[in-house]
Amino acid sequence: MQNKTVFVGISGGVDSAVSALLLKQQYREVIGIFMECWDNTLNNDQLGHRAFNEHKSGCSSKEDFREAQAIAQLLGIKLIKQNLVEPYWKQVFLPTIDAFKNGLTPNPDMLCNRLIKFGLMRDYCKQLDPNSDFATGHYAALSWDNNQPLLAIPKDKHKDQTYFLAHVKPAQLQDVVFPLAHLLKTEVRQIALAHHFSVATKKDSTGICFIGERHFSDFLKNYLPVKPGVIYDWKTQRQLGSHEGVWFYTTGQRSGLNLGGQAARNFVVEKDLKTNTLYVSSDPEDLQRRGITLSHFNWLYQPNPLTQTVLVRIRHAQPLVQGHITVQPNNVVQVQLDQPIDRVTNGQYGVLYTQNGICLGSGIITASQI
């Protein structure tokens, strides 16, 4: 039993509930933190919102808070509700919209973890108790090298969330605890059922960090204008149809193209922001890339000597692919892959790992090579 306080993020889901339960067995005091980061009304979130479209309340954050309160009451712990709607809007959401405007496909979860969860929220907890630890229900693990915490792949490889954590600052991992590091998701649900948690069978949350599931192109229309343009065949340059604006589409996307009558199903292979043009293809090889340029690289771990052979992931849950890196000036890392991967998308993140599952860090994909 650790004679100190641990703050734990409680979202109203099963993972954070079981995390809080496990921490109660390990710490003198456990305090739950519920982060409210999105307001449907203030943020004009109507188009694409499933609850609004189905004539429901649309107040998923209120429902989540009620679940969090029930968990805290069952465990006998204090729960603090922290309103972070404004900083989330300014620091995470507006930069995300700006990236879409620039033709990129950003990942707001990366910014959210760095700036909100492990930024403002962790800092707030440290202000309340400088000696406290900070815990979340992420499926991630920590290893150690000379008192430096290293982000590592957890036991449950299928639920591994280290991809989303790879852009936090190294210092933000100090005094952090991941209670689910050595558990499978099935084991987490079994623990929740055994302790009669109402969220034991609750569906896993998906969608955008703190916003949830949306019909995504419709959701973006709350914040970006419709701007009709032309769709061309990537190889023949033949005009195939029209679209509503390149920022509503991403590399590899098949749905929403409305290209009926084609011999094979097409997908997006290129976006030209200047001319507002989409290029599509039905040949999967047109999506494949062997080289990736990562900019603004955030090093979580730099072993000495730095390994040149790494494992690479360009999206959550994608199988790891081996590659070789060249470190360039200005925090740029060039990756050459041993085998091609598809749907390499500018604006997304490339995350690098050692062969034994330690996360080296992440960078924003700014270019790719055939």
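Any Cβ shown, glycine's included, is placed from N, Cα and C.
Swiss-Prot lists Gly9, Ile10, Ser11, Gly12, Gly13, Val14, Asp15, Ser16, Met35, Gly137 with the feature ATP binding site, giving sequence analysis as the kind of evidence. Secondary structure at Met35 (ATP binding site), taken from DSSP and collapsed to helix, strand or coil, is strand.
Marked as active site, nucleophile by Swiss-Prot: Cys112.
According to its DSSP assignment, Cys112 (active site, nucleophile) is helical. For Cys112-Cys209, the entry in Swiss-Prot reads disulfide bond.
Taken from Swiss-Prot, the feature site 'Interaction with tRNA' applies to His138 (among others), supported by sequence analysis. Sequence-distant contacts (6 or more apart, same chain, Cβ under 8 Å) of His138 (site 'Interaction with tRNA') comprise Asp15, Gln161, Phe164, Leu165, Phe178, Leu180.
Taken from Swiss-Prot, the feature active site, cysteine persulfide intermediate applies to Cys209.
The site 'Interaction with tRNA' feature in Swiss-Prot is assigned to Gln348 (among others). Gln348 (site 'Interaction with tRNA') falls within neither a helix nor a strand when secondary structure is assigned with DSSP, and so counts as coil. Cβ environment of Gln348 (site 'Interaction with tRNA'): Thr105, Pro106, Asn107, Ile314, Arg315, Ile364, Ile365 lie under 8 Å away, each six or more residues apart in the same chain.
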For a quick check of understanding: among the binding-site residues Gly9, Gly13, which residue's Cβ has the most other Cβ atoms within 10 Å?
Gly9
Conformational class of Asp15 (ATP binding site) under the three-state DSSP mapping
helix
Within 10 Å of Cys112 (active site, nucleophile) by C-alpha distance: pick out those among the binding-site residues Ser11, Gly13, Met35, and say none if nothing qualifies.
none
Give me the count of other Cβ atoms within 10 A of the Cβ belonging to Ser11 (ATP binding site).
24
